[in-house]
Each structure stands twice: as C-alpha cells, then as structure tokens.
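Undergrad: Mind looking over this structure? Questions follow.
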Amino acid sequence: MRLRGKKGIRENLEAQKDLVVLDPKQYKGRWAELFGNDRPIYVELGMGKGQFISGMSIKYPNINFIGIDMYDELIRRASEKARAVWNEQEEGVTPPNVKLALTNIEQIEEVFAPNEIERIFLNFSDPWPKARHARRRLTHPRFLARYKEILNERGEIHFKTDSQTLFEFSLNSFADFGLQMTNISLNLHRDGINEEHVMTEYESKFVGQGMNIHRCEVIVGEEALRNYEMSRLNKYK
Ligand SMILES: C[S@@+](CC[C@H](N)C(=O)[O-])C[C@H]1O[C@@H](n2cnc3c(N)ncnc32)[C@H](O)[C@@H]1O
C-alpha cells in the first residue's frame with residue numbers, strides 16, 4: 001500500500017475538525033463541552049487503526065469515546081474507520097460520540113483534568129519485553145498514578161493483551177499499586193469468539209493465529225470499588 005506523504009495526511013486531519021483533535025491539551029477539563037453533553041467518557045490509549053473504538057461507539061451510543069494515538073497516519077486510518085461504521089447507520093453523519101486525539105500517552109495528564117474520564121482501555125499495548133524498558137509499559141505504576149488522577153469515582157481500567165509476560169507484569173503492577181482486579185481471563189475466547197467484547201485489530205489477528213487473549217478489569221474509583229465490594233460474592237452463589 002502506498003502511504004500518502006506526511007503533508008497530505010496532516011492536511012487531511014486538519015480538514016476533519018468534527019472528528020479529529022490535533023491539539024487535545026486545549027480541551028483539558030472541557031471534553032464534555034466538546035461533545036456537547038455530560039455522558040461518561042471512555043478512552044482507548046493506543047487505539048491503532050480504530051476498529052475497537054469505532055465498534056464500541058456504535059454498541060454504546062450513550063458513551064463518549066476518545067481514541068488516542070501518537071501517529072498521524074493511524075489517526076487518519078481510525079477516522080476513516082469511524083466514519084465508515086457510522087455511515088452504515090446514516091450516510092454522511094459525523095460519528096456523534098467519537099473524538100480521535102493525537103497525543104503521546106506520556107502527556108496524558110496534560111490532556112485530561114482530574115476525574116474527567118470514566119474508563120481507560122489498554123488494548124494490546126506494546127509489551128516492551130526488555131527489563132530495562134519496563135518503565136515504558138503502559139501498566140507500569142508510574143502510568144497507573146496518572147490514570148488514577150484522571151479517572152472519576154466510577155473509574156476502571158480494562159486491559160487486554162496477547163503477551164503473557166506483559167500480563168504477568170501488569171497483574172503485579174496493579175496489585176502493588178493497591179488496585180482491585182476482577183474478571184481475569186487467561187483465554188478470553190476459550191469457548192469461541194466472545195461476542196460480548198468488541199475486538200481490536202490486533203486481537204482479530206492474534207485470535208486468527210490461535211493465540212490466547214488475556215484480559216482483566218481493574219477497579220480504580222471509590223464508587224466503583226464500593227459497588228464491587230457489594231457484588232463480588234454474588235458470582236460464587
Ligand atoms: C500494538 S498497537 C495496538 C493497537 C490497537 N489498540 C489494537 O489492539 O489493535 C499499540 C498502539 O499504541 C500506540 N502507542 C504506543 N505508545 C504510544 C504512546 N506513548 N502514545 C500514544 N500512542 C502510543 C501505537 O502507535 C500503536 O498504534
């Protein structure tokens with residue numbers, strides 16, 4: 001596939017102000033204003049080509065979704081995907097509950113104010129397998145501290161990966177950071193494709209290769225923790 005020159009991609013993104021946010025720091029504390037409503041905001045960090053965020057935005061129209069990536073070309077690909085899935089609902093419509101933001105996750109606290117978002121999805125984050133790169137893993141405690149700050153009282157992190165070593169590292173990191181984990185799975189699609197969960201591009205590829213997908217949910221906000229405490233033993237009845 002021939003990729004367009006960088007200049008062409010930037011022009012393309014600049015022409016999509018209804019969907020693409022090239023300077024997301026200016027919306028810190030004002031994302032609800034940008035969406036035009038107070039619905040919960042769910043964010044995918046490192047969305048790639050946007051299959052997950054697009055599918056989720058259709059499945060949950062009453063949630064606002066923000067997809068984040070650091071590459072212009074991926075934002076462009078995700079914008080095409082989001083428009084395509086929403087076009088199937090209504091021709092020419094701007095996806096009403098989606099924004100695609102260009103930023104580096106290292107600067108996430110400059111993009112969101114404290115308590116501004118309700119859920120973070122980490123899907124197939126780069127595993128950074130070398131020990132000396134552990135600090136770059138998106139589930140490292142130095143990131144968890146930032147996520148805790150921007151998540152609200154109902155806040156949760158939902159994490160999926162094919163990498164057993166990243167999963168092991170992450171479970172330990174969540175535990176060491178004092179976070180409650182739930183719905184842990186070592187093989188999400190053990191009984192066939194689990195339709196409850198929207199798949200990402202990487203997930204489709206890895207499942208096609210017969211690989212196991214690991215998943216867990218992490219409870220961060222105080223209200224979410226209270227709700228979890230009240231319901232946790234019910235599933236064993
Ligand atoms: C392995 S891909 C997974 C893509 C997608 N979530 C999926 O499951 O198909 C990781 C993505 O995270 C993005 N990414 C990695 N580090 C990032 C960072 N520091 N800031 C923003 N995006 C990042 C990459 O550009 C890439 O699109």
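Cβ atoms here come from the backbone N, Cα and C positions, even for glycine.
Annotations for this protein, taken from TrEMBL, read as follows:
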BINDING   E44, D69, N104, D126  S-adenosyl-L-methionine binding site
BINDING   K130, D162, T200, E201, Y202, E203  substrate binding site
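In the displayed structure, how are the listed features positioned relative to their neighbours?
TA: Within the same chain, residues at least six positions away from N104 (S-adenosyl-L-methionine binding site) with a Cβ under 8 Å of its Cβ are M70. Under the three-state DSSP scheme, N104 (S-adenosyl-L-methionine binding site) falls in the coil class.
Within 10 Å of the C-beta atom of E201 (substrate binding site) sit 17 other C-beta atoms, taking all shown protein chains into account. A helical conformation is recorded for E201 (substrate binding site) in the three-state DSSP classification.
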Undergrad: List every residue in the same chain as Y202 (substrate binding site), at least 6 positions away in sequence, whose Cβ is under 8 Å from its Cβ.
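TA: Long-range Cβ contacts: G48, N123, F124, D162.
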Undergrad: Using a 6 Å cut-off on Cβ distance, which of the binding-site residues N104, K130, D162, Y202 come close to any atom of ligand 1?
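TA: Near ligand 1, sequence order: N104, Y202.
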Undergrad: Within 10 angstroms of the C-beta of K130 (substrate binding site), what count of other C-beta atoms is obtained when all protein chains are considered?
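TA: Other Cβ atoms found within 10 Å: 8.
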